[in-house]
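Down below is the structure, laid out as structure tokens.
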Amino acid sequence: QNSSEMPETITSRDAARFPIVASCTLLGLYLFFKIFSQEYINLLLSMYFFVLGILALSHTISPVMNRFFPANFPNKQYQLLFTQGSGESKEEIVNYEFDTKDLVCLALSSVVGVWYLLRKHWIANNLFGLAFSLNGVELLHLNNVSTGCILLGGLFIYDVFWVFGTNVMVTVAKSFEAPIKLVFPQDLLEKGLEADNFAMLGLGDIVIPGIFIALLLRFDISLKKNTHTYFYTSFVAYIFGLGLTIFIMHIFKHAQPALLYLVPACIGFPLLVALAKGEVTEMFSYESSAEILPHTPRLTHFPTVSGSPASLADSMQQKLSCPRRRRQQSPSAM
């Protein structure tokens with residue numbers, strides 16, 4: 001709710017192209033690992049995700065950390081502004097606002113980042129992975145259920161093909177030493193925190209169903225019934241699909257495409273509920289992009305001022321003393 005940027009809306013065309021783009025990226029990574037030294041590629045990727053991970057984790061823990069700061073904490077506001085050119089041709093390159101609390105969160109996240117960079121520990125990996133997942137669900141936005149079905153359906157085929165049809169997905173997942181997956185130690189009881197035998201879950205298996213579940217939550221709110229039926233149904237469906245994936249993996253002793261089980265569950269369960277309640281038409285006609293999503297506007301330009309400090313103070317005092325009229329805005333402008 002405090003994000004200053006509107007989420008990126010995924011259209012039907014984007015959803016249809018997503019599996020193709022993902023396939024090209026996956027195949028490109030596979031070829032990179034086959035042609036170039038795996039050590040140097042992972043070193044480069046580690047530095048890249050080190051920076052991204054710190055920023056993502058800092059953004060994620062910020063709302064939680066704000067509860068622990070005392071009321072009298074000296075919180076100062078800062079702005080990082082980097083521009084190019086001058087005069088009318090001046091263009092902003094970086095414009096970022098932050099405060100002292102954000103700096104504290106950044107410092108804590110940096111400790112986790114150094115831990116990950118030096119040790120590649122699975123706990124640090126999972127902290128970064130969860131931060132990436134939460135930021136992904138926050139920043140990506142489905143506009144309607146039809147688009148969500150197209151996206152999930154395309155990635156369903158993508159996941160099944162690259163896991164069962166080839167060894168590309170498994171090879172990249174095992175070679176890629178970056179927090180793009182959550183790892184679960186299977187020998188935790190034997191080796192404790194030094195466990196080294198892991199099961200993996202790609203972040204795409206979290207983010208893609210996650211943005212669909214978030215869409216159903218907004219649909220619940222749009223019904224104005226003070227219930228979150230579709231959200232809870234899809235959330236339970238996700239847990240069921242993930243549990244089924246783990247069960248099948250242990251039975252057949254082979255890597256499983258999680259979306260093979262998650263997509264039918266996350267789409268099928270809410271659809272059955274909609275059929276039972278007679279709200280299928282409302283579900284597929286719901287358009288989320290028309291809503292105004294809450295955001296906090298940030299200062300993008302510094303005001304240009306001239307004159308002595310005394311004259312500027314007098315000018316500001318006159319402006320404050322004059323009553324302002326609030327301009328009425330039409331619903332379409334809102």
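In case you wondered, yes, glycine gets a Cβ from its N, Cα and C as well.
Just so you know, TrEMBL annotations never went through curation; they're auto-generated.
As recorded in TrEMBL, the features of this protein are as follows:
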- 15-33: transmembrane segment (TRANSMEM)
- 40-61: transmembrane segment (TRANSMEM)
- 139-164: transmembrane segment (TRANSMEM)
- 198-217: transmembrane segment (TRANSMEM)
- 229-252: transmembrane segment (TRANSMEM)
- 258-276: transmembrane segment (TRANSMEM)
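Across the candidate stretches 40-61, 139-164, 229-252, 258-276, the maximum count of CB pairs under 8 A to the transmembrane segment (15-33) is reached by 139-164. In terms of C-beta pairs under 8 Å, the stretch of 139-164, 198-217, 229-252 lying closest in packing to the transmembrane segment (258-276) is 229-252.
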